[in-house]
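Visitor: Structure below; questions to follow.
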Amino acid sequence: MTSMASLFSFTSPAVKRLLGWKQGDEEEKWAEKAVDALVKKLKKKKGAMEELEKALSSPGQPSKCVTIPRSLDGRLQVSHRKGLPHVIYCRVWRWPDLQSHHELKPLDICEFPFGSKQKEVCINPYHYKRVESPVLPPVLVPRHSEFNPQHSLLVQFRNLSHNEPHMPHNATFPDSFQQPNSTPFSISPNSPYPPSPASSTYPSSPASSGPSSPFQLPADTPPPAYMPPDDQMGQDNSQSMDTSNTMIPQIMPNISTRDVQPVAYEEPKHWCSIVYYELNNRVGEAFHASSTSVLVDGFTDPSNNKNRFCLGLLSNVNRNSTIENTRRHIGKGVHLYYVGGEVYAECLSDSSIFVQSRNCNYHHGFHPTTVCKIPSGCSLKIFNNQEFAQLLAQSVNHGFEAVYELTKMCTIRMSFVKGWGAEYHRQDVTSTPCWIEIHLHGPLQWLDKVLTQMGSPLNPISSVS
């Protein structure tokens, strides 16, 4: 009690009352400063303090929006850290382990949600809900493969992979993503698989740092470069979280449950591993991500933070001047989030990052090997578990090789500073000075279990073509 008393000795009664509803016991001083800053803003608005106290004291009861003015870059500075206001106060009063704005979705009753770009933003923590990971339906593996595969979207997507161009295509975010995309392959009218949601692109999201992130970045992180249209953000979120309409009945209408073996998805201990390369040389050990929010940067971190993969620590005797110069420009690097069954890459570096993700390319209707440029301050969804689950559910009916082909979708390559592909003089990722390879463990382990259940391929996979 003595320590608590000394903590609140110079705290106003209003701040004391609001801190009474604080969740968790970490960062007491920071929470006090965050609440104090909020009280100063709310005192200027009649009834705002009362409405906030009502919401905090009666969580199950309806409450009104509690708003503060939106800053120029949408963020709020508390102490030496910047973050998005709704994330800060949801973290104080509801979820102390909240990592990112990607984990929050506004309720329908909220009139001033953060994503609506209005002059005021609602910070009522009970006007937001936490995005939950969708429950993926098990893949039903036929015990006896008598399925006659038709020309479906999956087959045509795979055929494109087999006829890969000498150099990958390039796309720049958000420019290449804003025009209505036409799928580069035609869809058979009899295909049981739906078209990729190419027109439903996921827009950039504001750079989040400070309280909404465990990394305590300085206050001068890049401001958001692009904000999504209101309806676009809402549509994408609601679509990606809808698990009610699974693909099983459509894919296997005439197969009884006795003829199939269900294989369920399980979350692994480490959701991904990251390997760092310089040109075609692997450097250092693989980083295994246990936290759902990981920073890969160019600095050194003597504290061995499990949420950070610091490339500045890694040495390579074969390093040339181009690599050295590129490493100096990695800076704050990339922030990887795994939220609600989706993986996002957020560019915190002053230089762009370049991503090759077959899952992302499928979603946007790009060629499978397309390399997407993500400028500083932008973030892009680079993997969606639900879309992968749908592709896997269909591919089991096309045989072992079709499922095995999906392993390529579970590896994402990302280059710092320097791009590669048709628009760059570097043709391959192994020609870029500094790049990482991200292996998604959950999807890979799911594939492994499905392949084990399927048995041997009809045409054994070998190195001989």
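Backbone N, Cα and C define each Cβ position, glycine as well.
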Visitor: Given that Swiss-Prot lists C110, C122, H127 as binding Zn(2+), which residue among C65, C90 does it place in the same site?
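Guide: Only hit among C65, C90 in Swiss-Prot's Zn(2+) site, alongside C110, C122, H127: C65.
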Visitor: Which of the three DSSP-derived classes (helix, strand, coil) applies to C110 (Zn(2+) binding site)?
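Guide: Note: C110 (Zn(2+) binding site) is coil by DSSP, not helix or strand.
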Visitor: Per-residue pLDDT averaged over the domain 'MH2' (271-465) comes to what?
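Guide: Value for the domain 'MH2' (271-465), mean pLDDT as a whole number: 91.
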Visitor: In the same chain, which residues outside the set C65, C110, C122, H127 have their CB within 8 A of the centroid of the CB atoms that define the Zn(2+) site?
Guide: K64, V66, T67, P106, L107, I109, E111, F112, P113, I123, N124, Y128
Visitor: Just going by other Cβ atoms within 10 Å, which of the binding-site residues C65, H127 has the emptiest spot?
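Guide: Result for the binding-site residues C65, H127: minimum number of other Cβ atoms within 10 Å at C65.
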Visitor: Name the residues of the same chain, 6+ apart in sequence, whose Cβ is under 8 Å from the Cβ of C122 (Zn(2+) binding site)?
Guide: C65, V66, T67, H86, P106, C110, E111, F112, P113, F114
